[in-house]
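A.B. asks: Handing you a structure now.
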Amino acid sequence: RTASSQQIFSLLSLAGHIPCGLICHPDKEHILYPLGCTVVIQDLDSKKQTFLHGHTNNVSCIVISRNGVYVASGQVTFVGFKADIILWDFQRKELLARLSLHKAKIEGLAFSPNSLYLVSLGGQDDGSVVVWHIGKREAVCGSPASARSAGNATVVACASGRDEMFVTAGNGTIRVWELDLANRKIRPTECQTGQLRRVITCVKMADDDNYFYVGTSSGDVLKVNTNNKLMTAYGPQKEKFSLGVTALLLLKMGDLIVGTGGGIVALCKGSNYKVMKKIQVQGAVTSLTCRGQGHQFFVGTNECQIYRINYTVFKEELIAACHNEAVHDIVFPLGTSDLFATCSKNDIRVWHTPENRELLRIIIPNMTCHAIEFMRNGKSIISAWNDGKIRAFMPETGRLMYVINHAHSLGVTAIAATSDCKHIISGGGEGQVRVWEIGERTHKLGEILKEHVSAVSCIKITKNDRECVTASLDGTCIIWDIVRFVRKQMILANTLFKCVCYHPEEYQIITSGTDRRIGYWEVFDGSAIREVEGSVSGSINGMDITSDGTYFVTGGDDHLVKLWDYNEGAVTHIGVGHSGNITRLKICPGNKYIVSVSADGAILLWKYP
């Protein structure tokens, strides 16, 4: 049987580090942003998302034509291989053409004002600029982007009125190019900036094409005349923007909106660059994009936050946020699929699935949370941290309830709670498994189980609270009696176990890890029943089984979500969409969807199956 594909039905993430990655469509109803290998189109009102699949590696830049008909996106690839540009039809959401000439990475893209040409700029291993004819879907001509004496060009922008003119800029270079279509040539002219030496980070053309603005990493803005190619003004002279200008927006009145590396969004006078209003957002600004005429605009930051700002009141409103570090765990509370919690470096977040929004963020700065669990009674979220502490929080307010200090010596790596909520079982980086007795106001160490010699990666407890299984990176899985606190069975394999699951009937367990095999084992005597090849490349990091035990899901370093038939041991569905290693995944209670989380901070919801 061939496996059919699964559908992503929503994402809680964006790739915030991509310059100008967030773009508002000219129809004022959609925003577009890249996430991994996909381009996401999100409706602003209904929050509905559609996806453009086609890139083989991470998307590095994205651009929309002025009439809103075309979308173009470029990707990175391995050095020596060609990096594709894909031209998409926005209305039909389908791939029109693959344009491949550049090597290794597409640094920037720009559509000419009447959507006749697409200008593309290769990365530093490529260094060339190419003009593509959109109607014929072929390259017109190309040229090295910057002179040998100058640095790399990193940004490209087309003129606002003429199709034949565009600008490239970068490290110590600003060039205005003219396209000579008859001779299939592009001719550059260097712009003179006098004594100033600058690294250009963004370019914005004026509406009449007489001049353009460039933002620099030194924190100022230069104004360059297009006709005589001279810099006419620059500023602010005294109070430069800290951490550089990273994004620019030119308003109809001639004023500028400047986004900086320090997270400031400022409204500046066009004549003297004096800051009139400013607000602070979280993370460095990577994108600024207008909605319509500029009465509203959106800000994207490298901490993966999207803000909406009204021009008149100039106040920020957070409309989307997600993890910007690897997500380590995902859990659902007992019996509900409307909520789930994820944990990452610095924080635990609780999400509301029907509305795809963040309900609660619990921040412990500079610490990494390895695992979380909802207590069965719903009264607390327990979490395992790399500073060796177990922390419990209130699920509604995020208030700290209690801390178990020095729970493990090398950080707490796995955690589970019994269904009567009286015990917590934790695993540590040194390999110990510890049972904690949790009272109304007390918590004390009940028992230490010393068998594993390396970090415990996963703990699962049976429904009757009488036994549990722990998987470890030392190549063993141990089934413990947690009434008498003795080892019942030990499973050995030549692998680092990453995940383990009880079959709901609890007579078998399935395991997986770095050897890419899924093992079925008998609980009674620990004997192997069978092994199936779980993945072609990379370890398997997470698995979860349905409540009736007929299907289970796995995910790992091959970036694929796979749904398996338990009895057949065969894949029935495959989900493609992650661009990072999948760290954990869960099937929600009631089997409505599957949630998978990955090392690039993405959270993907998949329709089940």
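Just so you know, glycine gets a Cβ as well, placed from its N, Cα and C.
From TrEMBL, here are the annotated features:
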{"type": "DOMAIN", "residues": "48-307", "note": "domain 'EML-like first beta-propeller'"}
{"type": "REPEAT", "residues": "405-438", "note": "repeat 'WD'"}
{"type": "REPEAT", "residues": "449-482", "note": "repeat 'WD'"}
{"type": "REPEAT", "residues": "533-574", "note": "repeat 'WD'"}
{"type": "REPEAT", "residues": "575-609", "note": "repeat 'WD'"}
A.B. asks: For the repeat 'WD' (405-438), give the DSSP counts of helix residues, strand residues and coil residues.
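C.D. replies: Its residues divide into 0 helix, 19 strand, 15 coil.
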A.B. asks: State the residues, same chain only, that lie 6 or more residues beyond the ends of the repeat 'WD' (575-609) and have a CB under 8 A from a CB inside it; answer 'none' if no residue qualifies.
C.D. replies: 5-13, 15, 35-38, 51, 53, 57-58, 304, 322-332, 334-337, 340, 342, 344, 351, 353, 356, 538, 541-547, 551, 553-557, 559-563
A.B. asks: Given the model, what does the mean pLDDT over the repeat 'WD' (449-482) come out as?
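C.D. replies: That stretch averages a pLDDT of 93.
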